[in-house]
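Pulled from TrEMBL, these are the features on record:
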- Asp11, Asp13, Asp182: Mg(2+) binding site (BINDING)
- Asp11: active site, nucleophile (ACT_SITE)
- Asp13: active site, proton donor (ACT_SITE)
- Asp22, Asp97: substrate binding site (BINDING)
Amino acid sequence: MAASEVVVVMDFDKTIIDCDSDNWVVDELGATELFNQLLPTMPWNSLMDRMMKELHSQGTKIEDIVAVLKRTPIHSRIIQAIKCAHALGCDLKIVSDANVFFIDTILKHHGLKECFSEINTNPSFVDEEGRLRIFPYHDFTEHPHGCPHPCPPNMCKGIVIERIQASLSAMEEKKTIIYMGDGLGDFCPSLKLGDGDYMLPRKDFPVWDLVCKNRSLIKAEVCEWSNGEEFEHVLLHFITKVTIDKSNTNGNNAIQLYSDCKVQTMPGSSHQAFSQTLYVPH
């Protein structure tokens, strides 16, 4: 496949979807007040598990949660970009502080589940009573991850990236990692990326601020994005760049890659603004 040398790792909340999935479900099911009352009293994952218990006790069914998840906002160009990257042969993975049930439900609804080879997130399942249970990725009470960076106690994405990198290093062909994220927890994995990799932070979100303030600590090339159109354009731009660089061919293949996916690129004026403003200097 054209882009088989590329591994794309994405956050989920506010990266693939345009909201926080936990907050979306709580708000849409009318439980925001209780959530805010309990928030200071327990860790986030424990709180979400508790909220699922409270909603279940009030008569909320798993089908109600599914219906809310299917309404989660996601930009059509992001859906298109993911399908295109998969069609080109990229290995797509998710590293997210959401949970398995939320992510699987949303991806399946938009026909994206099969695009991802790996989903690293907090485990969840529907128990025999029909209640959704949510648990932390790392058991932070028994085995804290001890990361010094601003990672939540239940998940250090840097550790996940290191495991992915270790699995890739066993392959004969060197892979390039493209990482896309928005939150504080996406800063740690950005520090694990190497020369030749790409960090694509969402502009004006927490990880972008940290990247800008600590640019010298990041070995990867950095390029920001702001919305669904830029997500698509930036992701496919770097997939094309990596593919051309590795095949040592000319720029015409870039056009072929885009046309193979029937991608609508941004207008010329927007592209000029993109090339002038989206790079984050060292």
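Each residue, glycine too, has its Cβ placed from N, Cα and C.
For Asp97 (substrate binding site), other Cβ atoms within 10 Å of its Cβ number 26. Close to Asp97 (substrate binding site), meaning Cα to Cα within 10 A, are the following binding-site residues out of Asp11, Asp13, Asp182: Asp11, Asp13. The binding-site residues listed here are Asp11, Asp13, Asp22, Asp182; among them, Asp11 has the most other Cβ atoms within 10 Å of its own Cβ. Other than the site residues Asp11, Asp13, Asp182, same-chain residues with C-beta atoms no more than 8 angstroms from the centre of those residues' C-beta atoms, the Mg(2+) site, are Phe12, Lys14, Thr15, Ile16, Ser96, Gly181, Gly183, Asp186, Arg202, Phe205. Each residue contributes its Cα atom, and for Asp13 (Mg(2+) binding site) and Asp22 (substrate binding site) these two points are 9 Å apart. Each residue contributes its Cα atom, and for Asp22 (substrate binding site) and Asp11 (Mg(2+) binding site) those atoms are 14 Å apart.
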